[in-house]
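Taken from TrEMBL, the feature NAD(+) binding site covers B:Gly112, B:Val113, B:Val114, B:Gly115, B:Asp116, B:Thr136, B:Ser137, B:Lys149, B:Lys158, B:Thr176, B:Leu177, B:Asp178, B:Thr179. Taken from TrEMBL, the feature Zn(2+) binding site applies to B:Glu191, B:His253, B:His272. Feature annotation from TrEMBL assigns domain '3-dehydroquinate synthase N-terminal' to B:74-186. What TrEMBL records for B:188-337 is domain '3-dehydroquinate synthase C-terminal'.
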Protein chains: 2
Amino acid sequence: MTRMVEDIERVSVGLGERAYDILIGPGLLAGVGEAAAKLGARAVGVVTDETVAGLHLPTVERSLAGAGLAFDTVRVPAGEASKSFDMLARVVDGLLAARIERGDLVLALGGGVVGDLAGFAAAILRRGVRVLQAPTSLLAQVDSSVGGKTGINSPRGKNLIGAFHQPSLVLADTATLDTLPERELRAGYAEVAKYGLIDDPDFFAWLEANPRAVFCAGPDRIRGIATSCRAKAAVVARDERETGDRALLNLGHTFGHALEADVAYDSARLVHGEGVAIGMAMAFRFSAALGLCPEEDAARVERHLSAVGLPIRVSAIPGPIGGAEALFAHMQQDKKVSRGRLTFILARGVGKSFVARDVDPARALDFLRRELAPAA
Amino acid sequence: MTRMVEDIERVSVGLGERAYDILIGPGLLAGVGEAAAKLGARAVGVVTDETVAGLHLPTVERSLAGAGLAFDTVRVPAGEASKSFDMLARVVDGLLAARIERGDLVLALGGGVVGDLAGFAAAILRRGVRVLQAPTSLLAQVDSSVGGKTGINSPRGKNLIGAFHQPSLVLADTATLDTLPERELRAGYAEVAKYGLIDDPDFFAWLEANPRAVFCAGPDRIRGIATSCRAKAAVVARDERETGDRALLNLGHTFGHALEADVAYDSARLVHGEGVAIGMAMAFRFSAALGLCPEEDAARVERHLSAVGLPIRVSAIPGPIGGAEALFAHMQQDKKVSRGRLTFILARGVGKSFVARDVDPARALDFLRRELAPAA
Ligand SMILES: NC(=O)c1ccc[n+]([C@@H]2O[C@H](COP(=O)([O-])OP(=O)(O)OC[C@H]3O[C@@H](n4cnc5c(N)ncnc54)[C@H](O)[C@@H]3O)[C@@H](O)[C@H]2O)c1
Ligand SMILES: NC(=O)c1ccc[n+]([C@@H]2O[C@H](COP(=O)([O-])OP(=O)(O)OC[C@H]3O[C@@H](n4cnc5c(N)ncnc54)[C@H](O)[C@@H]3O)[C@@H](O)[C@H]2O)c1
């Protein structure tokens, strides 16, 4: 292999007997066969989507064959709609047909949709088969491939069905980002910015100063991705099952998920990261409205997200959006609802987010009404 | 409540932070609301089948209402066919519609089918909601409700899809067995006898001396069920995820599952426990044929199972059965297949079972041919 060792960053997720590494750098997919063999797999069930298959599957298949591994590939249509019960049944059936056994490996090759779907399929196949995450979107590299949350959507809400199933290894080949559409790259960037906004004001300041860092190939991109993974790994190691402050990672997600549900997960109108960007801007504006956070910090968040081309208002979503009540109802079906109470991630400023477990529903509804007013 | 405290046996499953109790005795269902409230649930999603609903749901609903709990019931058709992806999706949707949240409780009221299906639904609902198992069949009381294995079937094989999800409490109301059809009672008895055959020759001798003990209400029945639960709990505590000797619990199941698959899970022809009975007799005959076990022990197993009315030969199954090759192929799709090698549970005698990891496929096929020969 010609890749240079100094290009590769390693982040460790400290989860005791479920600990694993995240490798980040260009060209890693060419070594996936070797990595799978090292994990002791005999056969590999690759799960990918049609788009990613056309771009990166040949590299993976060459590598698996080169390592002497048996493999079979299950392809699903690209897009959020594949996170369904029907597709889950098809993926599981494909893995059974490929005779993937308990000591073998499922390889999730793609963005967050494939990672969540394949990870969940691996979790329930024969009551648990290991999964190697090979994320190919920025969002998947900095967020969804790390931490073990897997799952599918219900018509009643996003990610309502799933399992915790940590990967055995994450290979984030940053060269795959070169084929990722600009809009998807931007969407993933929302999660990168999120880590700064949660508790790392220095990282946010670095991003403000280098708005193209993560968008262009090179060491700054790897640094931005590795910093993100490190932040996520630290939270996950502290709180694997989200009983406590792992909820911080949902900054921007309570509003974002409600918006995604409202457009019925139509990615032509809104992709996940765009929902998160709008949601983070809303969380800061809501925090400011509640008197918790300086207006200037909310404005700073809006400025940086806008600078990289991300939406910050509901009005940026093309087409009609439900009223405040409709969004509010979506939020109440959220997994994070506890005993009927709404949990929000709010902020006292950039890098000072916190979990607010008992937000007054009337204030939330009022805030939503103002956000959705034509003037806004 | 009028039940007498001395009637209730308690078995603890020692699994650290996942430890739980099994309560065994008549009338426990009348206290299920109290028990659910003690676990801190606010709402309870009951999952049951049509048959059990008609007999025991009113008791449960009265008890839940009496304890001031919100509840909703999802009913599935009785029978193995309900362990499918479609029914899983319906149960999960019903639980979401009932707004069962992370702190709430799923209540599995029924036999092993409901326990496996509802337990799996609980495992994947919002990535994990607690489940209270209220087993109403003998098989479920002595086996399936204990140990945390949950799941559904695939057209490619039984229980190939599922999760480990320990219950928070098991309430085995032995009075429910009074409505269980005799055939189902006998089928559950196969698992009771199994615990004796695995490693408790004294228990097996006691069963031989008291062949009606578990079939009739009274302290002997409770003793037989509690001894079975204790045996299962001990194995589960030693090996929660079946990486080692939990496999012993599969005595009779490798052959049994192949037979169930062969009749396409048609319970008119074969129910699970009958398959296990035939499978255990086969395991002892195979052990004897391999020179591992005295012929007399195999004959003793046959005698006792026959004495209680259980089948011991493939020929007892009504209708045509596939050939040796077909059964062998089913066995190779078993979850317990490891690297293509067949694992059998064999025995050196009554109460002396062991895991045989590398059985010669030719000898197994040969044995199957003899078992299926018209003369046999
Ligand atoms: N599990 C978690 O912890 C977690 C965290 C955040 C988000 N998520 C989930 O992740 C999903 C969103 O992930 P996503 O944004 O990656 O979506 P995605 O998987 O749909 O990928 C976005 C699009 O980019 C394409 N694509 C991916 N990699 C490519 C590449 N290298 N070149 C060209 N095209 C490529 C895909 O085919 C798809 O069309 C959502 O379902 C969300 O719920 C999960
Ligand atoms: N999870 C495990 O560890 C484990 C272990 C062993 C078996 N199993 C599974 O358990 C299932 C078999 O369990 P089962 O034999 O209880 O089957 P079942 O749930 O289908 O029950 C058998 C029949 O008895 C009826 N029934 C149940 N309780 C009754 C009552 N009190 N009165 C009248 N009728 C009643 C049911 O409606 C059904 O028709 C299989 O799917 C098997 O794979 C699981």
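Cβ coordinates are placed from backbone N, Cα and C, and glycine is handled just like the others.
Features per TrEMBL, on structure.
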residue: B:Gly112; record: NAD(+) binding site; contacts (Cβ under 8 Å, 6+ apart): B:Pro135, B:Ser137, B:Leu139, B:Ala140, B:Asp143, B:Ser144, B:Ser145, B:His272
residue: B:Val114; record: NAD(+) binding site; contacts (Cβ under 8 Å, 6+ apart): B:Val47, B:Thr48, B:Asp49, B:Val52, B:Val76, B:Ser82, B:Ala108, B:Ala140
residue: B:Asp116; record: NAD(+) binding site; contacts (Cβ under 8 Å, 6+ apart): B:Lys83, B:Ser144, B:Lys149, B:Thr150, B:Gly151, B:Ile152, B:Asn159, B:Gly162
residue: B:Lys158; record: NAD(+) binding site; contacts (Cβ under 8 Å, 6+ apart): B:His257, B:Glu260, B:Ala261, B:Tyr265
residue: B:Leu177; record: NAD(+) binding site; contacts (Cβ under 8 Å, 6+ apart): B:Thr136, B:Ser137, B:Leu138, B:Gln141, B:Leu185, B:Ala217, B:Arg221
residue: B:Thr179; record: NAD(+) binding site; contacts (Cβ under 8 Å, 6+ apart): B:Leu55, B:His56
residue: B:Glu191; record: Zn(2+) binding site; contacts (Cβ under 8 Å, 6+ apart): B:Leu138, B:Leu139, B:Val142, B:Asp143, B:Ser228, B:Gly273, B:Val276
residue: B:His253; record: Zn(2+) binding site; contacts (Cβ under 8 Å, 6+ apart): B:Gly275, B:Val276, B:Gly279, B:Ile345
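Confidence over the domain '3-dehydroquinate synthase N-terminal' (B:74-186), given as mean pLDDT on the 0 to 100 scale, stands at 96. Secondary structure at B:Ser137 (NAD(+) binding site), as computed by DSSP, is coil. Counting residue by residue with DSSP, the domain '3-dehydroquinate synthase N-terminal' (B:74-186) contains 47 helix, 35 strand, 31 coil.
Of all Cα pairs drawn from B:Gly112, B:Val113, B:Val114, B:Gly115, B:Asp116, B:Thr136, B:Ser137, B:Lys149, B:Lys158, B:Thr176, B:Leu177, B:Asp178, B:Thr179, which the record names as binding NAD(+), the longest spans 29 Å. In this view, B:Ser137 (NAD(+) binding site) is surrounded by 28 other Cβ atoms within 10 Å of its Cβ, with every protein chain counted. Those residues of the chain, other than B:Glu191, B:His253, B:His272, with a C-beta within 8 angstroms of the mean position of the Zn(2+) site C-beta atoms are B:Leu139, B:Asp143, B:Ala190, B:Lys194, B:Gly252, B:Gly256, B:Gly273, B:Gly275, B:Val276, B:Gly279. Only B:Gly112, of the binding-site residues B:Gly112, B:Glu191, B:His253, place a Cβ under 6 Å from an atom of ligand 2.
In the shown protein chains, 28 other C-beta atoms lie within 10 A of the C-beta of B:His272 (Zn(2+) binding site).
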